[in-house]
Amino acid sequence: VLSSTDKSNVKAAWDKVGGHVGEYGAEALERMFLSFPTTKTYFPHFDLAHGSSQVKAHGKKVGDALTNAVGHIDDLPGALSALSDLHAYKLRVDPVNFKLLSHCLLVTLASHLPSDFTPAVHASLDKFLASVSTVLTSKYR
């Protein structure tokens, strides 16, 4: 459960991301594909090369979904219901992949926002991404 401090930390950190949301989303995807090659199996139709327009476009989708989640931090199930359906019923993404992407997002944010990425902010973002992952995998049960 996200505390009021966690919510404030997440919102403040996401404000710092600002217009870089697509760029950071794409970078996190690239990190995931390089660090966890099995995740590539969900993107057989993508050009996964560095700087690929398809990875950039999907990174923007990921970033925009997280921006939506931050904006609806008190109702993540409502905000992410359609995405949960998509990933559970159509794409059938293995739930572990959300944890892998979350880790890569944390690394990406830490590398771009080092002075803002305090231990407290890190913990809050980790809890937030875990909450998002839980919602996205809730329809699997």
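Cβ atoms here come from the backbone N, Cα and C positions, even for glycine.
Keep in mind it's a predicted model, so treat the numbers as computed, not measured.
Database features (Swiss-Prot):
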type: DOMAIN; residues: 1-141; note: domain 'Globin'
type: MOD_RES; residues: Lys7; note: N6-succinyllysine
type: MOD_RES; residues: Lys11; note: N6-succinyllysine
type: MOD_RES; residues: Lys16; note: N6-succinyllysine
type: MOD_RES; residues: Tyr24; note: phosphotyrosine
type: MOD_RES; residues: Ser35; note: phosphoserine
type: MOD_RES; residues: Lys40; note: N6-succinyllysine
type: BINDING; residues: His58; note: O2 binding site
type: BINDING; residues: His87; note: heme b binding site
type: MOD_RES; residues: Ser102; note: phosphoserine
type: MOD_RES; residues: Thr108; note: phosphothreonine
type: MOD_RES; residues: Ser124; note: phosphoserine
type: MOD_RES; residues: Ser131; note: phosphoserine
type: MOD_RES; residues: Thr134; note: phosphothreonine
type: MOD_RES; residues: Thr137; note: phosphothreonine
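Of all the modified residues listed (Ser35, Ser102, Thr108), Thr108 sits in the most crowded Cβ setting, with the most other Cβ atoms within 10 Å. The Cβ of Thr134 (phosphothreonine) has 15 neighbouring Cβ atoms from other residues within 10 Å, across all protein chains displayed. Of all Cβ atoms in the shown protein chains, 13 besides its own fall within 10 Å of the Cβ of Lys40 (N6-succinyllysine).
Comparing the Cα of Thr108 (phosphothreonine) with the Cα of every entry in Lys16, Lys40, Ser124, Ser131, Thr134, these being the modified residues, the smallest distance points to Lys16.
Shown in sequence order, Leu113, Asp116 are the residues of the chain, 6+ apart in sequence, with a C-beta less than 8 angstroms from the C-beta of Lys16 (N6-succinyllysine).
His87 (heme b binding site) is 14 Å away from the residue listed as 'O2 binding site' when you measure Cα to Cα. Secondary structure at Lys16 (N6-succinyllysine), taken from DSSP and collapsed to helix, strand or coil, is helix. The modified residues shown are Lys7, Lys11, Tyr24, Ser124; of these, the one with its CA atom nearest the CA of Ser35 (phosphoserine) is Tyr24.
Annotation for His87 (heme b binding site): same-chain Cβ neighbours under 8 Å, separated by at least 6 residues, are Val93, Leu136, Thr137, Lys139.
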